[in-house]
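Asks: If you look up Swiss-Prot, you'll see 1-13, 75-104, 168-185 marked as topological domain 'Cytoplasmic'. Residues or ranges marked as transmembrane segment in Swiss-Prot: 14-34, 54-74, 105-125, 147-167. Feature annotation from Swiss-Prot assigns topological domain 'Extracellular' to 35-53, 126-146.
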Amino acid sequence: MAAAARVSEVKAEGLLRGACAALAAAAALLVGLSTQTETVLLVRKKATVKDVQALWVLAMAAAAAAGYHLLQLLKCLYLGRVGGARPCRRSSRALAWTCLLLDKACAYTTFATTVAAAQACVVALDGAHAVQWTKLCNIYTRFCEQVAGSLVLGMLAAVGTAVLSAASARNVFRHYSSLETYAAH
(Lines of atoms letter the chains of each structure in order from A; the text may use other names.)
(Lines give C-alpha, C1' and ligand atoms only; values in the text may rest on other atoms or scores of the structure.)
Protein backbone atom coordinates (compact mmCIF):
# COMPACT_ATOMS: atom_id res chain seq x y z
CA MET A 1 0.00 0.00 0.00
CA ALA A 2 2.82 2.41 0.85
CA ALA A 3 4.54 1.64 -2.45
CA ALA A 4 1.36 2.43 -4.41
CA ALA A 5 0.98 5.72 -2.53
CA ARG A 6 4.60 6.60 -3.27
CA VAL A 7 4.14 5.86 -6.98
CA SER A 8 1.06 8.09 -7.10
CA GLU A 9 3.01 10.87 -5.33
CA VAL A 10 5.79 10.56 -7.91
CA LYS A 11 3.21 10.79 -10.71
CA ALA A 12 1.60 13.87 -9.14
CA GLU A 13 5.02 15.47 -8.74
CA GLY A 14 5.77 14.65 -12.37
CA LEU A 15 2.56 16.30 -13.53
CA LEU A 16 3.26 19.42 -11.48
CA ARG A 17 6.86 19.53 -12.71
CA GLY A 18 5.65 19.22 -16.30
CA ALA A 19 3.20 22.08 -15.75
CA CYS A 20 5.91 24.24 -14.16
CA ALA A 21 8.30 23.46 -17.01
CA ALA A 22 5.66 24.42 -19.58
CA LEU A 23 4.77 27.64 -17.74
CA ALA A 24 8.40 28.68 -17.30
CA ALA A 25 9.24 27.84 -20.92
CA ALA A 26 6.21 29.78 -22.16
CA ALA A 27 7.19 32.77 -20.01
CA ALA A 28 10.77 32.67 -21.32
CA LEU A 29 9.68 32.35 -24.94
CA LEU A 30 6.98 35.00 -24.68
CA VAL A 31 9.23 37.63 -23.14
CA GLY A 32 12.34 36.59 -25.07
CA LEU A 33 10.74 36.72 -28.50
CA SER A 34 8.65 39.86 -27.95
CA THR A 35 9.52 42.75 -30.24
CA GLN A 36 7.61 45.65 -31.68
CA THR A 37 8.71 48.39 -34.07
CA GLU A 38 7.01 51.78 -34.06
CA THR A 39 7.73 55.15 -35.65
CA VAL A 40 8.15 57.88 -33.05
CA LEU A 41 8.80 61.41 -34.34
CA LEU A 42 9.93 60.12 -37.75
CA VAL A 43 12.36 57.65 -36.15
CA ARG A 44 11.73 53.91 -36.27
CA LYS A 45 12.38 52.40 -32.87
CA LYS A 46 12.28 48.72 -32.01
CA ALA A 47 11.36 47.57 -28.50
CA THR A 48 13.03 44.31 -27.50
CA VAL A 49 13.63 42.40 -24.31
CA LYS A 50 17.23 43.66 -24.19
CA ASP A 51 16.00 47.24 -23.72
CA VAL A 52 15.06 46.45 -20.12
CA GLN A 53 17.70 44.49 -18.20
CA ALA A 54 15.12 42.98 -15.81
CA LEU A 55 13.20 41.46 -18.73
CA TRP A 56 16.37 39.88 -20.10
CA VAL A 57 17.14 38.41 -16.68
CA LEU A 58 13.55 37.12 -16.47
CA ALA A 59 13.91 35.40 -19.84
CA MET A 60 17.16 33.70 -18.80
CA ALA A 61 15.88 32.70 -15.33
CA ALA A 62 12.62 31.32 -16.72
CA ALA A 63 14.52 29.32 -19.34
CA ALA A 64 16.83 27.93 -16.64
CA ALA A 65 13.83 27.06 -14.46
CA ALA A 66 12.18 25.27 -17.37
CA GLY A 67 15.35 23.26 -17.97
CA TYR A 68 15.62 22.39 -14.28
CA HIS A 69 12.00 21.21 -14.17
CA LEU A 70 12.56 19.08 -17.27
CA LEU A 71 15.54 17.39 -15.61
CA GLN A 72 13.50 16.78 -12.47
CA LEU A 73 10.65 15.47 -14.61
CA LEU A 74 13.04 12.92 -16.10
CA LYS A 75 13.98 11.93 -12.54
CA CYS A 76 10.27 11.47 -11.72
CA LEU A 77 9.75 9.36 -14.83
CA TYR A 78 12.75 7.22 -13.91
CA LEU A 79 11.53 6.74 -10.33
CA GLY A 80 8.04 5.95 -11.61
CA ARG A 81 9.39 3.18 -13.84
CA VAL A 82 11.87 1.79 -11.31
CA GLY A 83 9.60 2.24 -8.29
CA GLY A 84 10.42 -1.12 -6.76
CA ALA A 85 14.18 -0.64 -6.78
CA ARG A 86 15.09 1.42 -3.71
CA PRO A 87 18.50 3.07 -3.50
CA CYS A 88 20.33 2.89 -0.19
CA ARG A 89 18.89 5.11 2.51
CA ARG A 90 21.89 7.43 2.76
CA SER A 91 22.02 8.24 -0.97
CA SER A 92 18.26 8.76 -1.18
CA ARG A 93 18.48 11.11 1.83
CA ALA A 94 21.23 13.09 0.08
CA LEU A 95 19.19 13.16 -3.12
CA ALA A 96 16.13 14.40 -1.21
CA TRP A 97 18.15 17.22 0.40
CA THR A 98 19.67 18.16 -2.96
CA CYS A 99 16.24 18.29 -4.59
CA LEU A 100 14.87 20.39 -1.73
CA LEU A 101 17.68 22.93 -1.95
CA LEU A 102 17.46 23.13 -5.75
CA ASP A 103 13.66 23.46 -5.63
CA LYS A 104 13.93 26.29 -3.10
CA ALA A 105 16.59 28.06 -5.18
CA CYS A 106 14.46 27.69 -8.30
CA ALA A 107 11.35 29.00 -6.53
CA TYR A 108 13.15 32.02 -5.07
CA THR A 109 14.92 32.84 -8.33
CA THR A 110 11.78 32.56 -10.43
CA PHE A 111 9.77 34.65 -7.98
CA ALA A 112 12.48 37.32 -7.55
CA THR A 113 13.14 37.78 -11.27
CA THR A 114 9.43 37.93 -12.06
CA VAL A 115 8.81 40.56 -9.39
CA ALA A 116 11.87 42.58 -10.51
CA ALA A 117 10.64 42.50 -14.11
CA ALA A 118 7.16 43.55 -12.95
CA GLN A 119 8.67 46.48 -11.07
CA ALA A 120 10.57 47.56 -14.18
CA CYS A 121 7.38 47.25 -16.22
CA VAL A 122 5.54 49.61 -13.87
CA VAL A 123 7.90 52.36 -15.02
CA ALA A 124 7.13 51.50 -18.64
CA LEU A 125 3.42 51.50 -17.86
CA ASP A 126 3.19 54.71 -15.82
CA GLY A 127 6.37 56.54 -16.77
CA ALA A 128 8.56 58.43 -14.31
CA HIS A 129 7.69 62.11 -14.35
CA ALA A 130 10.63 63.13 -12.11
CA VAL A 131 13.14 62.11 -14.80
CA GLN A 132 10.79 62.88 -17.72
CA TRP A 133 10.37 59.28 -18.86
CA THR A 134 7.25 58.83 -20.94
CA LYS A 135 4.74 56.02 -20.76
CA LEU A 136 6.19 53.47 -23.15
CA CYS A 137 3.17 51.17 -23.12
CA ASN A 138 1.16 53.86 -24.90
CA ILE A 139 3.59 53.48 -27.81
CA TYR A 140 4.47 49.77 -27.67
CA THR A 141 1.11 48.30 -26.69
CA ARG A 142 1.54 44.80 -28.12
CA PHE A 143 5.03 44.46 -26.62
CA CYS A 144 3.71 45.47 -23.19
CA GLU A 145 0.81 43.02 -23.45
CA GLN A 146 3.18 40.17 -24.30
CA VAL A 147 5.45 41.08 -21.40
CA ALA A 148 2.43 41.21 -19.06
CA GLY A 149 1.45 37.72 -20.22
CA SER A 150 4.95 36.44 -19.54
CA LEU A 151 4.85 37.99 -16.06
CA VAL A 152 1.63 36.11 -15.29
CA LEU A 153 3.11 32.85 -16.59
CA GLY A 154 6.31 33.45 -14.62
CA MET A 155 4.37 34.05 -11.41
CA LEU A 156 2.31 30.88 -11.96
CA ALA A 157 5.56 28.96 -12.48
CA ALA A 158 6.95 30.46 -9.26
CA VAL A 159 3.85 29.43 -7.29
CA GLY A 160 4.01 25.91 -8.74
CA THR A 161 7.69 25.69 -7.86
CA ALA A 162 6.90 26.79 -4.29
CA VAL A 163 4.37 23.95 -4.04
CA LEU A 164 7.00 21.54 -5.36
CA SER A 165 9.43 22.87 -2.78
CA ALA A 166 6.93 22.03 -0.02
CA ALA A 167 6.59 18.52 -1.45
CA SER A 168 10.38 18.20 -1.50
CA ALA A 169 10.53 19.26 2.15
CA ARG A 170 7.98 16.57 2.99
CA ASN A 171 10.10 14.05 1.12
CA VAL A 172 13.20 15.06 3.12
CA PHE A 173 11.50 14.65 6.48
CA ARG A 174 10.12 11.29 5.42
CA HIS A 175 13.71 9.95 5.55
CA TYR A 176 14.06 10.63 9.27
CA SER A 177 12.58 8.51 12.04
CA SER A 178 9.61 9.85 13.94
CA LEU A 179 9.80 10.99 17.56
CA GLU A 180 7.92 7.87 18.72
CA THR A 181 10.81 5.71 17.55
CA TYR A 182 13.24 7.69 19.70
CA ALA A 183 10.89 7.63 22.71
CA ALA A 184 10.71 3.81 22.60
CA HIS A 185 14.49 3.47 22.99
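From the backbone N, Cα and C atoms, a Cβ is placed for every residue, glycine too.
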Asks: Reported in the order helix, strand, coil, what are the DSSP residue counts of the topological domain 'Extracellular' (35-53)?
Replies: 4 helix, 10 strand, 5 coil
Asks: Under an 8 Å Cβ to Cβ limit, what residues of the same chain, 6 or more beyond the ends of the topological domain 'Extracellular' (35-53), are close to it?
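Replies: Beyond its ends, the topological domain 'Extracellular' (35-53) has Cβ neighbours at 59, 117, 120-121, 124, 136, 139-143.
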Asks: Report the mean pLDDT of the predicted model across the topological domain 'Cytoplasmic' (75-104), rounded to a whole number.
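Replies: Per the prediction, mean pLDDT sits at 74 for the topological domain 'Cytoplasmic' (75-104).
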